[in-house]
Every structure is written in structure tokens, then in C-alpha cells.
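In TrEMBL this protein carries:
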DOMAIN    10-142  domain 'MARVEL'
DOMAIN    147-282  domain 'MARVEL'
TRANSMEM  12-34  transmembrane segment
TRANSMEM  46-64  transmembrane segment
TRANSMEM  84-105  transmembrane segment
TRANSMEM  117-136  transmembrane segment
TRANSMEM  178-205  transmembrane segment
TRANSMEM  217-237  transmembrane segment
TRANSMEM  257-276  transmembrane segment
Amino acid sequence: MAVVTVNLRAVTSWVGITRIFAVVLSCLAFSLVASTKDFEGPYGTWCMFTWCFCFAVTLLVLVLELLELYPKLPLSWDDFTSAFSMLAVLMVFTTSVIFPSIFISSPCSGSKCARQAVATTVSCLCFLAYTLEVGLTRAKPGDISSFLSTVPGLLKVFEAYVACLIFSLLDTYSSEAGLQWCVAVYSICFIVTLLIIIFTIGRCLAYMPCPLEKMLVGYNTLAVVMYITATILWPLYSFRGSSHPNACDRNCWDKRLGVTFLTIFNLIAYLVDLVYSTRMVFIRAPS
């Protein structure tokens, strides 16, 4: 019979304690909101999904590390946990902003409002818990044994998530060639970034024809150039002839403005990514 080993350090280390707090806080958040029975619509569904997803995955990580079962999984565990904790930071942060802005009305009174306010506070604390986990597990400078725990690796998760937010705001776009190019930029960069994350977690980087660091420099350079064009073309074509609020209602205008800012955020992320990736190549290069 197989002997199950219990690793108490999985729940007594600082990372383990942080994960326990994240499990408790995420569970408390979705329980409070569920008790109000007011989470209908796409935004409410997203908030509940975020808390439930983070709760379930973090609890699974704790159990697998406590019983030391994770080495049997066909994946890079450190890369997986680093990528998930960064994703959780972004998801819970977005939820902590969306939920109160959509569901807490002003003036706010009654037990329902109190539970919603507590859920928002708990969600913010959950965001801080995942942020602390990212800080505790981040790789030291020069160490790329776990790529997704390095700054470029964490930025890859950020870039993919921001691209998903952009897609969620691309309700409709015209047949303008400039806007079609922007959507192509978002799609191409998202797919390549997602493949890098998946290949890293799946330990498939050894099958790549060139070293990861050099490939990242080339890809990030291309992504920066493409996002520069999107940063210029999206507002140019999107707002041309659409002075608010005549040709575009408030919802349409807000979505186009949101895509503009998210495009700028991703451009900055790819620029920082390029700088760090270039430093990784020089650090590892023989003197």
C-alpha cells in the first residue's frame, strides 16, 4: 500500500499561512454574497466565479502540498502555483472593484447592504493575501529555475489577463481596417503569451528550437511594436466621428475608452517585460 506523507510545512510556512487566509477569505466573500441572493447578471456571475474558483484551486494546492502529492503531477508545480497566485491577484482585484460599484447602492442601509460591504472588505483582504503570496514566492534576481515566478513570468500572466479584459469589452467593432488590425494584435499576442504560460507549466520548453530567454526578447520586441501601433490606431479609428454622446451611447463610449486604457497598460507591461527579459539574457550570458 502507498504511504501518504504529511508535510506540515505546507500549512505552517508563511506561504502556507497566506494560502489558508486566502481560502477562508474567499469562502467568506462568496458566502456573504450568496446570502444576499443579489448577484444576478454577468457581473455578479463573474464575482461569484472568481471567489469560488480561487477558493477551490487554493484549497486544492494546500491539500496536494500537505499530502505531498504534487510531484506526481505532470507539470511544473512552482510555475503552476506562481501563475495561479498572480491570476488570483488580478481576478480578485477586478472583483473587488466591480462588486461594490455594481451592487452596493447609495444610500446604503440594512443587513443586505452590510453583508455586501463586509464581502467587499473581505475581498480586498483576499486580494492582499494573494499579493503577499506572490511576493513570498517570487524568484530571486537571476534565478529562472521557475520562470513564472520571475518578473517576466508574472508579467506574462498579467498580459494575458489584460488581453482577456480587452476581449470582454470588444462588443462590436466596425469593418475599419485599423480596428481589425488592433483586434489582430490583441489576439496574436494573447495566443502567444498563453502558449508560453502553458508550455512553461507543462514542461515543454525543452522542445523549443531556441533558448527561452532569447525567444522572449524577440517576442517581446515584436509585441511592443505591435502594441504601439494598436495604442495609436485604436483611439484614432474608434473615436473618429463618434463624439460623445451623439454617435455612441455611454456604454459604447465607456467600452471604447476601457479598451484604450487597457491597451496602454499592456503596452507598458510588454515594455517592462522586454527590459527584464533582456537583463535575463545578459545575466546568463558568459562574461
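Note: Cβ is positioned from N, Cα and C throughout, glycine not excepted.
A TrEMBL annotation is a machine prediction, not a hand-curated record.
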Contact ranking winner - 46-64, 84-105, 117-136, 217-237 against the transmembrane segment (12-34), Cβ under 8 Å
117-136
Counted with DSSP (H/G/I as helix, E/B as strand, rest coil), the domain 'MARVEL' (10-142) has 110 helix, 0 strand, 23 coil
Residue counts for the domain 'MARVEL' (147-282) under DSSP, helix then strand then coil, are 110 helix, 0 strand, 26 coil
Same-chain residue ranges lying at least 6 outside the transmembrane segment (84-105) that approach it to Cβ under 8 Å:
22, 26, 33, 38-39, 41, 43-44, 46-47, 50-51, 53-54, 57-58, 61, 113, 116-117, 119-120, 123-124, 126-127, 130-131, 133-134, 137, 148, 154, 157-158, 161, 165
